[in-house]
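Taking it in order: structure first as structure tokens, then the write-up.
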């Protein structure tokens, strides 16, 4: 169909612009400290991408995406922690060779579920598979029984709360409220140096663009259109012979997998992982990143994430009190005034301008105009 | 009563209740091949509930529903659809933001699994089939129009088309001519009479003129029970039917 | 595990544990009642429910300060005044919020959730700016201090008993309002069929506003009652919100009776498990149990089967 062609051409321009911004402009403009910070923000964008598919397109609002971000991050952190806890490094402990927090909590042997994380390949697989599997179990239980809407939101929120309490409570096995800290090397490669941070930033940016492409692919397939269709007309889709629940389970797992990659990249770039990225507050904040970008716009989600986090660091450095007011106001304003977020503003104000410029320039404005109509609802 | 396997659909001793209220009670009827069966009856007689039961939306508490000899009561909705039962809702249920073409495309019965849908491509066969169905439902000139801009009657046709593209053996239509002009109604009757050659149709309708045009057989439902059935002329003359339904 | 205790000891332990369970029950029930009206009856997700409770608590705190400074003679009954004020203030704020925000979002429940979350952030920061980040507590009037000795080993604190009695009273009031008053009849009519209720002359917008206001008012009273057994900080409300929603959903959203039953079972389960396990593990297991049951039975404990 011609429409898809135009839409993807518009998307391609957007994607290229984003790639230039992430991989060229930011590294040139920011020093390594700031760049590392941007890299941290970009790991949240993975979660926002998943939410675009899950919430924006499929209408499933998960308030527990922090769970998957955290699980991915913990899987990575467990590997790094074990590497940092070699018997030589920990010979002053009463039990050398186990992570320091275990030693402090009178744990004398490595728990069974830590054992496989000695292997890097296992850990990398676990980063994606563990959260996706967890999402699969939740999704299977909920979607097969047709739980959706606000109930799904509340239950995923409860799961986020439960996991936080569990991790904080079991500090001998999880590092408790401090999380897993003091991570040093990845297969002998020191991740704390400026050089390593620069490389990790590019890996993260590359992965994010890859995730964006993948999500865009999913959005444009029949599956993507079915997700939107079952958001709006669930019964019609069901009575066209589709098993609605399996599609929802798929997109929920997909979003969980993306969030988990973000979590793992967070651990690598920031050097620790803790339960404070799992609970209710971070999980719902990730939803607003997606909402600011415009719910069903993938590129918008990345910009939304960046915008809020830049805003936070700017405001909370100078006016710490103001930040929470701003954040609260943002939630309200996005819902009440700008439900289509940045993408909506762009479509209403910027896109017609660009289209006019194109038309007066060389009469090719149909590209932008066509892509305007196709993705907003 | 022995189940006759040559029927397309056999519903036997079907019952369902909502908090003690029996919406459908001890219902038995059969749909034959190439037959248009119309269910009529006053509001609340349980007509829509019967369709809900057949397509799996509501679970029966007793009785059996056999489709080509296959029990449907234990199946999920999508399994029933895949077995060959299509259902149109009372209010036209189409994807308003998609074009007519896309509405038909998304209903095309290929790529129904998650990964099937992920790698589905609209090839020549799909396009050909869509064109064929669009012509059948009088929408061949509207393919690129967004469905929300169709007239009410055209939306009804589009939904019928979305069922037809799946080539079901049994088509269940809940009030297909509600809100249609006289001209559209006549065309719809024509459409039904044309598609019946390959399948059976079960219709719920209030429009008596339309029922007379299409029905091979009529069932009158009242308070969840059949009070009369047979040819339209016979049913119309039944004093019980006149009393509860046609009289006023 | 039970070795080493005499029968008398065990009896006392169970009695105390049962009382702790009942205390928790009244806390859960108080929190959930307002939400059961707003969520159960109106279908509105109010994530700022906890902040409305905290508002009631702060009102009570201010009242106690006012009475001890200006009317020390009447300090014994300041709490009654505080409760009424808490109801009025939280209710008024609730109605304002309904008018400004909620009524535009009735068809978008998920958006209501996000908007009220924003409201909760704003309220929290407002509390922090006004009252400071530290927790505040009220001084109990003398008659509420101490405890009754039921036997040599069983002590029941009076403030706990008072909160329980208060819970019973408030619950009775809510039931009377919902099932005996004409207002309750209107609310139920609007819930069941908004269009029809409007057609028979019920001002549905007004009913919505008052229902939301009363739900928030009850939250305020609950917060007021909490000051009797604990202190209040700007983020205290957020700690309760998940429990509160689970209680309401677990009970079956549309059933007030279900809310009571679920508050009772969750609180008893938690306090019993706390005896055997650490507090956090007990909470994890109880919440997991609730979530697990909800996955098997998403409609909650009590449900009305309706024809679609």
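Keep in mind that glycine also has a Cβ here, set from the backbone N, Cα and C atoms.
For the transmembrane segment (A:12-30), same-chain residues at least 6 beyond its ends with a Cβ under 8 Å from one of its own Cβ atoms are 38, 42, 198, 201-202, 205-206, 208-209, 212-213, 216, 299, 302-303. According to TrEMBL, the transmembrane segment annotation covers A:12-30 (among others).
Here TrEMBL flags A:42-64 (among others) as transmembrane segment.
Positions annotated as transmembrane segment by TrEMBL: A:120-143 (among others).
For A:150-169 (among others), the entry in TrEMBL reads transmembrane segment. Away from its own ends, the transmembrane segment (A:150-169) comes close to residues 60-64, 66-67, 70, 138, 142, 176-177, 275, 278-280, 283-284 of its chain (Cβ-Cβ under 8 Å, at least six residues beyond either end).
Annotation source TrEMBL lists transmembrane segment at A:198-218 (among others).
If you look up TrEMBL, you'll see A:239-266 (among others) marked as transmembrane segment. Counting residues 6+ beyond its ends, the transmembrane segment (A:239-266) has Cβ neighbours under 8 Å at 39-40, 42-47, 49-51, 53-54, 57-58, 60, 62, 65, 68-76, 124, 127-128, 130-132, 134-136, 138-140, 143-144, 146, 148, 200, 203-204, 207, 211, 215, 218, 223, 226-227, 230, 273, 277, 286 in the same chain.
Residues 11, 14-15, 18, 38, 41-42, 44-45, 47-49, 51-52, 55-57, 61, 63, 65-66, 69, 208, 212, 215-216, 219, 259, 327, 330-331, 334-335, 339-344, 346, 375-377 of the same chain lie 6+ residues outside the transmembrane segment (A:286-310) yet bring a C-beta within less than 8 angstroms of a C-beta in it. For A:286-310 (among others), the entry in TrEMBL reads transmembrane segment.
Packing against the transmembrane segment (A:322-339) from elsewhere in the chain are residues 285, 288, 291-292, 295, 308, 311-312, 315-316, 345: each is 6 or more residues past its ends and has a CB under 8 Å from a CB in it. Per TrEMBL, the feature transmembrane segment maps to A:322-339 (among others).
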